[in-house]
Amino acid sequence: MLEAFSGSDVRAAEAPFLDAGQGDALMQRAAHALAGVVVGLLRESGRGTYGATVVVLAGSGNNGADALYAGERLARRGASVTAVILADRVHEESLRALERAGGTGIRVDDDAAPEDLAEHAAAADVVIDGILGIGADGGLRGRALRFVQAFTAAAGPRGTRSALVVACDLPSGIGVDDGRVTGTVLAADATVTFGAPKPGLLLGDGAAAAGELNVVDLGLSFSSRPSVRSLLDADVAALIRRPTTQDHKYSRGVLGVAAGSARYPGAAVLAVGAALATGIGMVRYLGPEAVAALVHQRSPEAVASTGPVSGARSQAWLVGPGAVDDDEQRQRAADAIGSGLPVVVDAEALTQLPERVGSHVILTPHAGELSWLLAARGLETERADIESEPARYALLAAEVTGATVLLKGFATTVAAPSGALFVQRDASPWLAAAGSGDTLSGIVGALAASLAEDDRAADRAGVAREDLWAVVAAAGALIHGRAGLRAAARGPVVVSDLPADIGPVIADLLEECRPAM
Ligand SMILES: NC(=O)C1=CN([C@@H]2O[C@H](COP(=O)(O)OP(=O)(O)OC[C@H]3O[C@@H](n4cnc5c(N)ncnc54)[C@H](OP(=O)(O)O)[C@@H]3O)[C@@H](O)[C@H]2O)[C@@H](O)CC1
Ligand SMILES: Nc1ncnc2c1ncn2[C@@H]1O[C@H](COP(=O)(O)OP(=O)(O)O)[C@@H](O)[C@H]1O
Ligand SMILES: [K+]
């Protein structure tokens, strides 16, 4: 699991090392790892370190020092290193170390026009961004801002430029703790972060600016809970319940699905198909006969009925997708939410939510639905506000409802009522298509059903029991996103084909993490 800690948590964790006089040793380890990543990237790009041109952008703090010491190491390996000093102060010792290794330092003062140096940087093989680290206070300003703007103008945006930008600890210009970018940012191809990822590297625009994330373990220990987490493949693999020889269809989990209506029958087909592909013992479908007939065309194994929730024994429920203008589906949603079983509440069923529920109720709104949900509780917010600060509003919704909240989008944000926060960025933008959310809810529903009676699931996931449903939701988002990536490799995603990609994704996850024989 990637566990991000705030800038102040990182400083607190670093304090005992500084008190013991080990600050420089930490910095050397950071620089060593940073240089190692640059060497790797140069090797991958076929350029090699010897003779490569490297530009180090250095600010006034320790972030600049890390970058300068990394520059020193690269210079010793034969790179031609120029340091551009973008502040009045610089960590002098690290600059001298770079110069002793053959590098050159250029101090940029306030009156200098940055264009020539920016062009030199744009033509380099690698640019190391050591302007701002966790000491950043607001966006880039002054000569650092002017330089980054001139560099971007000369080099072009990421993806088109030839220079690889490697961020030291974090890309300069992002909010360390919230990932907000309010001004200019130096978007990186890769970020090498020290001690632990910072929340801004997992959230919002900051995550997008970070590129490929490398975490360097400095042996820090944290007393606080992480601010944000992201599940990795191994976390999802550990969570997935593998059938055993003792299992039967009921013990593997039954998911009750009250989805679809005369107006939107397809949502039921998609949700049921995705749930079955995720691997459970049975789906019990409740809804209009005509919808059940369509479900059966695609998923003949679904057991259908037109009865109430109380007559369909299940381990978990999924209610809401496509269930509009249908009083019976509305009633089923309310009953499932009140059943005490884990329940995924999507789309129309969100209107059936009582004032307060528990974390086993997993809401899956998109930003528009979340805006409505909050407004119904007297918290007026615009959809755009939610899109710009998804973590803040998902946490708020979890707090006021008591539910686990999965907020959809390219990044999926999951908030637990305990305040735990997960973000998954595993998706392909090709997944932004009608019906895609129905498949996501089917996946999450199936995971919930298969884990509902599994007492060890939270331990396997490495989280407190109260946060299990948030992990289940985040795991669903990872599987959904991966299925989308697989599908997109063949061309634009057709949502009704997505279930066929879910099985291989799960097979890959389990294969990768199979214990050695
Ligand atoms: N924690 C760890 O375990 C380890 C941490 N390590 C490293 O230390 C880094 C943190 O170093 P840090 O504290 O010196 O802060 P950092 O970000 O380099 O500079 C802050 C200075 O920048 C300035 N400034 C601020 N805002 C600005 C703005 N918007 N625009 C322009 N300038 C701005 C301001 O200076 P001023 O303007 O006041 O002169 C401020 O004092 C951390 O990210 C990691 O790389 C590793 O070495 C080892 C282990
Ligand atoms: N830009 C994007 N990139 C990747 N996935 C996206 C993007 N935008 C939306 N999604 C995903 O698409 C789905 C849309 O869900 P939703 O809006 O409920 O659609 P529907 O109700 O038609 O199924 C969600 O799973 C969401 O995470
Ligand atoms: K930086």
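Glycine too: its Cβ is placed from the backbone N, Cα and C atoms.
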Problem set entry | Binding-site annotation, TrEMBL, K(+): partner of D129, S172 in N63, N214 | N63
Exercise. Looking at TrEMBL, which one out of G435, G437, G442 binds AMP in the same site as K408, G409, F410, A411, T412?
Worked result: G437
For this session: Compute the mean position of the Cβ atoms of N63, D129, S172, which form the recorded K(+) site, and then list in sequence order the other residues of that chain whose Cβ is within 8 Å of it.
Result: L57, G59, G64, A67, G130, I131, L132, G133, A167, C168, D169, L170, P171, L186
Problem set entry | I134 ((6S)-NADPHX binding site) as reference: those binding-site residues from N63, K408, A411, T412 with C-alpha within 10 Å of it | N63
Seminar exercise, completed: Not counting K408, G409, F410, A411, T412, G437, residues with a CB within 8 A of the CB centroid of the AMP site are H366, L407, T413, A427, A477
Exercise. So which of the binding-site residues A65, D129, K408, A411, G437 sit close to ligand 3, that is, with a CB under 6 Å from an atom of it?
Worked result: D129
For this session: Fill in the CA-CA distance, G409 (AMP binding site) to H366 ((6S)-NADPHX binding site), as an integer in Å.
Result: 7
Exercise. Looking at the binding-site residues N63, D137, S172, H366, which has the shortest Cα distance to F410 (AMP binding site)?
Worked result: H366
